[in-house]
């Protein structure tokens with residue numbers, strides 16, 4: 001019961017913040033809305049029993065990636081955006097894509113949702129660790145290469161070579 | 001009353017009590033700092049308000065509320081007001097997962113001395129720390145003043161730089177304890193090494209402790225890492241444009257964060273509430289002895305903070321960034337590798 | 001109920017609501033109690049008594065951006081180390097080797113960044129800086 005109430009509250013917050021993100025004209029407000037989206041997503045994960053993922057969502061997304069966003073807005077001195085007329089790409093591709101997603105969701109929901117009980121699996125750090133470091137070892141090691149590439153990419157993008 | 005309502009009431013009551021105690025402690029930490037730094041500089045510190053100036057925090061609090069609350073013309077108002085709120089709220093959040101002792105007994109009633117014991121308590125703390133950057137970043141940005149913006153950029157860059165080392169320094173302790181629950185980490189430190197040395201993580205993990213302490217000082221923007229508010233160059237850094245209670249809120253957040261750092265340091269490296277049993281005390285107060293040891297260790301941490309403030313000068317900004325990335329981070333990584341190698345070789 | 005998984009997180013929500021109320025209360029209270037006598041000079045941004053010149057929001061050194069970027073990457077690395085550290089006693093030496101490979105690869109990136117001089121804050125070559133208000137000591141340019 002309480003579970004459902006909490007889910008509805010956080011889901012509404014999440015969707016409202018996402019809509020606010022699009023509606024706001026100042027980039028810093030949009031960035032802050034995105035932080036709220038990340039936070040409420042973390043709470044939704046928490047409700048699903050994924051406590052580790054919820055914490056990571058906060059630390060990485062709300063705490064690290066969004067810091068970069070806010071930094072960029074501060075550094076570039078990004079001001080208010082002007083509302084553009086709706087672009088043609090959005091109408092040609094966006095509207096059909098939304099329709100497809102809605103149709104797919106409606107189809108899946110009409111077939112009846114799954115019956116997995118909540119709280120069967122608690123996604124604590126130990127459970128995640130056992131999966132990650134025993135069963136999914138290769139994906140884990142590949143992440144390090146990904147980080148390496150990202151580091152190099154950041155440096156290359158941020159500074160031009162001295163000529 | 002249904003059980004869930006009892007549960008909610010009990011935890012709300014605990015939160016209120018803990019927050020009140022924490023805020024009082026914060027006020028007196030400011031008094032202690034002024035007193036101790038005063039004596040270190042051969043002056044008296046506050047003496048006028050009450051005996052030994054003990055009522056000074058109260059007087060300061062009243063003054064802060066009564067002062068004129070100026071909101072400059074050019075600020076971006078919603079964020080300008082939100083920034084100190086974010087800082088204070090997040091600073092007061094982290095205390096919720098800190099355990100102060102085992103069980104508190106009042107007659108037949110007993111409850112854990114902690115607001116809540118969650119499985120990933122340490123990650124909750126790290127999460128709160130990582131989000132706390134926004135209070136500083138938004139304060140500077142929304143103020144629309146050059147000093148504020150520079151101070152907040154410096155502060156945010158400093159905080160994220162040292163957060164990396166902070167996160168890595170805790171892993172050595174986790175290797176020893178095998179849990180992210182603060183209560184279990186403390187319980188893993190009961191007993192002694194060789195029969196006389198307390199089984200504190202500090203002894204095997206003193207490198208990690210050094211990294212943690214340094215990174216935590218930088219996270220809380222304290223001397224010698226108080227670059228963001230370097231008075232001689234930046235007036236008051238990110239809170240230059242703040243006055244009245246909003247200024248006090250940043251101040252409170254800073255000191256509350258000092259307490260959080262002290263709590264985490266005590267729990268992770270110094271055995272939390274474990275200390276010599278004081279068997280000569282009457283039974284009534286026995287259940288409060290762990291609380292006493294915990295508070296005592298916190299006090300020592302705070303004293304260290306103040307002592308360092310009274311002793312060390314400020315770093316230069318490039319030195320500060322270089323130190324965080326080129327010294328602390330490699331040390332933290334090396335500590336993880338060495339600790340895991342040792343544990344891996346000795347675990348049968 | 002307190003043994004329940006969700007019940008261990010409920011107090012965090014309560015704490016959050018409480019501290020939010022406290023923070024909001026402080027701002028409102030001081031706004032209501034404090035007096036307001038505004039003058040144009042009082043409402044100006046503080047610049048040590050000088051009249052403010054230009055907008056405060058200028059462009060800043062790209063290094064701040066680089067620091068945030070590096071922080072994300074090392075944060076991601078650290079996050080992976082948490083579950084690893086917690087179950088290290090189960091993994092034993094196998095866990096050590098898999099982590100050593102991981103850390104060494106990331107360390108490669110770290111050394112690259114170091115060699116590229118990204119970590120030298122005071123080195124200000126002109127083409128990577130848009131505007132550098134807090135310039136390091138003289139002679140760096």
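Heads up, the Cβ atoms here are built off N, Cα and C, so glycines get one too.
If you look up TrEMBL, you'll see B:6-31 (among others) marked as transmembrane segment.
According to TrEMBL, the feature transmembrane segment maps to B:79-100 (among others).
With a threshold of 8 Å between CB atoms, the same-chain residues lying at least 6 positions outside the transmembrane segment (B:120-141) that come near it are 76, 79-80, 82-84, 86-87, 90-91, 93-94, 96-97, 148-153, 155-156, 159-160, 163, 166-167, 170, 174, 180-183, 185, 219, 228, 237-239, 242, 250, 253, 257, 260, 264. Here TrEMBL flags B:120-141 (among others) as transmembrane segment.
Residues or ranges marked as transmembrane segment in TrEMBL: B:162-182 (among others).
Summarising the annotation, TrEMBL assigns transmembrane segment to B:202-218 (among others). Tertiary neighbourhood of the transmembrane segment (B:202-218): same-chain residues 158-159, 161-163, 165-166, 168-173, 176, 193, 224-225, 261, 264-265, 268-270, 305, 308, 320, 324, 328, 331-332, 334-335, 339, selected by CB-CB distance under 8 Å and a gap of 6+ residues from either end.
As annotated by TrEMBL, transmembrane segment applies to B:255-275 (among others). Counting only same-chain residues 6+ beyond the ends of the transmembrane segment (B:255-275), those with a CB under 8 A from a CB of the stretch are 22-23, 25-26, 29-30, 88, 91-92, 94-95, 98-102, 113, 125, 132, 170, 173, 182, 185-186, 189-190, 198-202, 205, 208-209, 212-213, 216-217, 219-220, 222, 289-294, 296-298, 301-302, 305.
As annotated by TrEMBL, transmembrane segment applies to B:287-308 (among others).
Residues annotated as transmembrane segment in TrEMBL: B:320-345 (among others).
For the transmembrane segment (B:79-100), the partner stretch with the most Cβ pairs below 8 Å, chosen from B:6-31, B:162-182, B:320-345, is B:6-31. A Cβ distance under 8 Å defines the sequence-distant neighbours of the transmembrane segment (B:6-31), meaning residues of its chain 6+ beyond its ends; these are 46, 53-54, 56-58, 60-61, 92, 95-96, 111, 115-116, 251-252, 255-256, 258-259, 302.
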